[in-house]
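Asker: Swiss-Prot lists these features:
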- Glu123, Arg124, Asp176: S-adenosyl-L-methionine binding site (BINDING)
Amino acid sequence: MSLLSVMPATTAQQSRAEQVAHHFHWPLVAVEALCPTPLLLWVGPTGLALKSADGKHQHPITAQLQGGSIGLAGPDSWVRGQPLARAVGIKGQHTPTVVDATAGLGGDGWLMARMGCSMHWAERVPLMGLLLQEGLEQAHQDAQRAEVARRVTLHQADAIQLLQNMQEPPQVVYLDPMFPHEGKGSLPRKAMVQLRQLAGEDQDLPQLFELAMATAEQRVVLKRPLKAPLLTRAKPNFQLKGRSTRFDVYATG
């Protein structure tokens with residue numbers, strides 16, 4: 001049984017909705033028809049959005065790739081001193097090449113690109129990859145964000161295959177296996193459970209971590225819940241902690 005259906009907002013979006021549904025083998029629902037699945041991919045005039053089919057949720061999920069470049073000076077320059085930037089090794093003019101091996105909805109990956117990193121995003125979940133592609137296409141068309149979008153290469157593929165086949169190894173591999181948090185801008189609790197089912201579990205995370213350690217030229221960064229145990233017996237070289245999360249940093253070179 002499918003957990004996701006595709007619905008056009010109006011008949012003007014019918015053609016694109018049909019294309020998406022056919023390509024991914026998702027059920028297509030007529031405009032304003034009763035949705036037979038708990039999750040709904042809404043094809044609207046401004047793009048794609050993920051919704052809860054019960055209609056109770058008012059904050060659809062999209063890949064919100066907002067904001068332009070963050071330089072060494074300016075109102076947002078303080079971000080370059082935050083734990084994420086320090087974890088991946090952004091310092092002054094140095095902005096490493098990073099593989100975001102679990103891109104998700106692009107939050108951290110976009111922030112790294114804003115700070116100047118050359119990014120490779122890997123996302124194997126078709127729904128997430130589709131939302132990322134949509135977000136990047138919109139960013140390319142926006143004057144403020146186009147420069148950042150050009151720093152990002154999206155790979156709708158398994159990160160293990162990507163790392164095995166890259167001609168030039170990245171300086172950093174970034175792993176964030178945590179699923180999007182509940183709260184403002186997320187789906188209701190029941191729908192989040194269903195979305196996790198749709199995405200599947202990262203059963204191969206230990207294998208991905210080992211490959212990342214063998215591939216990254218400088219370091220592997222693993223984002224974890226603040227109080228979560230270490231992923232492996234190997235201890236990180238250092239940790240950077242925030243309010244609810246931490247970054248375990250493993251040097252490779």
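Cβ atoms here come from the backbone N, Cα and C positions, even for glycine.
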Asker: Excluding near sequence neighbours, so keeping only residues 6 or more apart in the same chain, what lies with its CB under 8 A of Asp176 (S-adenosyl-L-methionine binding site)?
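Answerer: Sequence-distant Cβ neighbours: Asp100, Thr102, Gly104, Asp108, Leu222, Lys223.
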Asker: Determine the C-alpha span of the S-adenosyl-L-methionine site listed in the record, that is the greatest distance between any two of Glu123, Arg124, Asp176, in Å to the nearest whole number.
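Answerer: That value is 14 Å for the farthest Cα pair.
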Asker: When you tally the Cβ atoms that lie within 10 Å of each candidate's Cβ, which of the binding-site residues (Glu123, Arg124) has the highest tally?
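Answerer: The largest 10 Å Cβ neighbour count belongs to Glu123.
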